[in-house]
Amino acid sequence: MIASLIRSRRRSRRCVVYSVFLFGFLALWGSFALALVFLSDMYIGEDQISTQKAIKPIARSNYHVVVGHYNGNLPEDKKRNLTSEELNANLYAPHDDWGEGGAGVSHLTPEQQKLADSTFAVNQFNLLVSDGISVRRSLPEIRKPSCRNMTYPDNLPTTSVIIVYHNEAYSTLLRTVWSVIDRSPKELLKEIILVDDFSDREFLRYPTLDTTLKPLPTDIKIIRSKERVGLIRARMMGAQEAQGDVLTFLDSHCECTKGWLEPLLTRIKLNRKAVPCPVIDIINDNTFQYQKGIEMFRGGFNWNLQFRWYGMPTAMAKQHLLDPTGPIESPTMAGGLFSINRNYFEELGEYDPGMDIWGGENLEMSFRIWQCGGRVEILPCSHVGHVFRKSSPHDFPGKSSGKVLNTNLLRVAEVWMDDWKHYFYKIAPQAHRMRSSIDVSERVELRKKLNCKSFKWYLQNVFQDHFLPTPLDRFGRMTSSSNSSVCLAWTLRSSGIKTASTADCLKIFHKTQLWLYTGDRRIRTDEHLCLSVVQLLHTTSDWKIQLKECAGFDTEYWDFKPKIGRFQNRKTGLCLASPDIFDPTKDEFNPPIVQKCRSSNDRQNWTITEMSWLPEHP
C-alpha cells in the first residue's frame, strides 16, 4: 500500500510538472515561436545510407524567404564576366567526404574560394561546392521518433514526380532526381517527369542529359519546351503527360529525405481533396548544409499578396502538441513542393493558364482549394530540403518582372478575393491600372461551376488570424493630437527588423502608416504585426514600444477612449504617446513611447483618420 501511495505521488508530481511546463510553453509561444523547434525531437538519427551529423534548426529570420523560381532579371553586372564556357561547363567532380550526412562544406582553399566566387552568379548558389558533393549524398534522419514509428496503409496511390527546370546546375538537378529515387518506395513511384523550360546549357540538352538518365532505375521522361513558357505552363505540360494517381511537384534543387513520400500519399488516400505539402528544410546556398526546417509555421500572405510564413495561432499550437504528427492546416502554400490527386487537379482547373512565368500561382491555387471544398496542409512527418537562394539567376523573357507579377496577382484578386481585391489595389495601384486589359471571365465561370465559397468565408474559417481590414475594425492613419502632421508608422531597419516609429504623414495610401484598431482591441498592421510593449528591465516603469508578430499576449491589447483619443495598454496601464521631441531629420526613427497617463498631456491623444478602401457605390 505504501509503495502504491509513493507511485501515486510520483505520478501526481509528474502531472504537475507537465502542466506547469505546458502553461509556460503556451505563454511564451507568440514571442518565441522558435522555442517550438526545441520541443520537437532534436535527435538526428541515421538513415540507411548516412553517417550521423548534427544539424542546427534554421532561424526564423531566414524563413520568410519564398520558395521561388523566376524572381527577377539577373543584373547585367552579374552576367558580364560569365563566359559561354563557364555557363556550359559541367564540373561535377564529387569529393569522397564532402556534404555527407547533410554536412556543409565551408573550408575551401584560396583557389577554390576564388572559383566559387566567380561562378556563384551562374545559379545564385555555390556551384563549386554543389559540384563537389555527390548527387547521392547521405542525409540525416530528420523525422521525430513518432514519425519514424508510423505505419502506413497498403495500396497507397502511385505518384508522378514532376520537376521543372531552366538552366539548372547538373549537380543539383541530378541530386534532386536521385533523392527521389533513393528515398521513395519503388512501388509508389510511377515515374519522374522532367520538364525542360527551354534550357540552353549543353549538359541539359539532348542527347547528353538523356544518356545520363537512361541507366537510372526508374521511368524518367524528359519533356522539352520549344520556347520559354515559365514555371506555370511547364508544370501543366508535365501534368498532362503524367500517369500516376497523384501529381507531386518539386523544384529542381531539392533533396528528399527518408520517409518523405508515404505521408503525402496517405493523406490523399484518406481525403482526395487534401493537398499536402512537406515541411521545407533549408539547404544553405553557400555551404549546402542541410538544416531542419520548422514544423510549427504555416503559410499566409501580406498586404502585397506576397507569401509569408507565420507562426501558428496559440490555440492551434496547443492542439498540435497533442498530435505532433497530424496535418497542419495552412491558409496558403509556398507552391514549390506539394502533392495533389491527379483527377482532383483536373477537376479543380489545374493552374490558371492566364498566369505567366511565375508568381502568385501558389496563392491562386491555395484560395481555390480552400474556397472550393479542399484543404491545404503541411505534414510534419514529410521533409524535403530546398536550396534557398537570395536572388534568382533567371529572368522573365521579354517582359519586366513587375508587369508579370502584377498581372498574375491581379488575376488572383479579381477571381477570388471579392471586396478585398479593392484593398489590394490600394496597396498595389500599379496592378489596378492594368485591370481593364485583363480578362478573367473563364476563371470566374470556373469559380461559379465549382460552387466555391466567398473570400469572407475564407478569412473567417481558414485564415482567422489574418490582418486585412474588416467592418469590425477602425482602419486608417493614427495622428498625434499634439502635431496633426505626425503619424504613427513603422520603419524597416537595415537589419530587416520592422520597428514602430513616428513620421511626417504621407498624403498617399501607404502601408507603413496604415493601422487597424481591431474589434478585439489590438493595433495591427501589415506582416501580422501588433503594437505591443516590452519590459526592458524588471521594474514597473521601464516599458518600451515593440512591434512584434501577433500572439495574443495581454501586452498587445489597448483600450481606446475615443472622446479623448487615448490608447491605454491593458497590461501596464500606460498610455501610448508620441515622442517628447519629434525631429524627422534625425537618423533615429522617432519611436513612440508609453508613459503614465495624464489628461493634460496631448502627446498621449491620437486621432484615427479612417480611410476607405472599398469603392463608393451610388
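All residue numbers here begin at 1 and follow the chain in the order shown.
Cβ atoms are placed via backbone N, Cα and C, with glycine included.
Keep in mind it's a predicted model, so treat the numbers as computed, not measured.
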ASP251, HIS253 bind Mn(2+) according to Swiss-Prot; which of HIS95, HIS107, HIS383, HIS386 goes with them? HIS386
Check for me: which candidate out of CYS372, CYS530, CYS550, CYS575 does Swiss-Prot give as the disulfide partner of CYS452? CYS372
ASP197, ARG228, TRP358, ARG389 bind substrate according to Swiss-Prot; which of SER179, SER184, SER252, SER339 goes with them? SER252
As a quick check of your reading of DSSP, tell me how many residues in the region 'Catalytic subdomain A' (156-267) are helical, how many are strand and how many are coil. 41 helix, 28 strand, 43 coil
Its residues classified by DSSP, the domain 'Ricin B-type lectin' (474-609) shows 9 helix, 65 strand, 62 coil
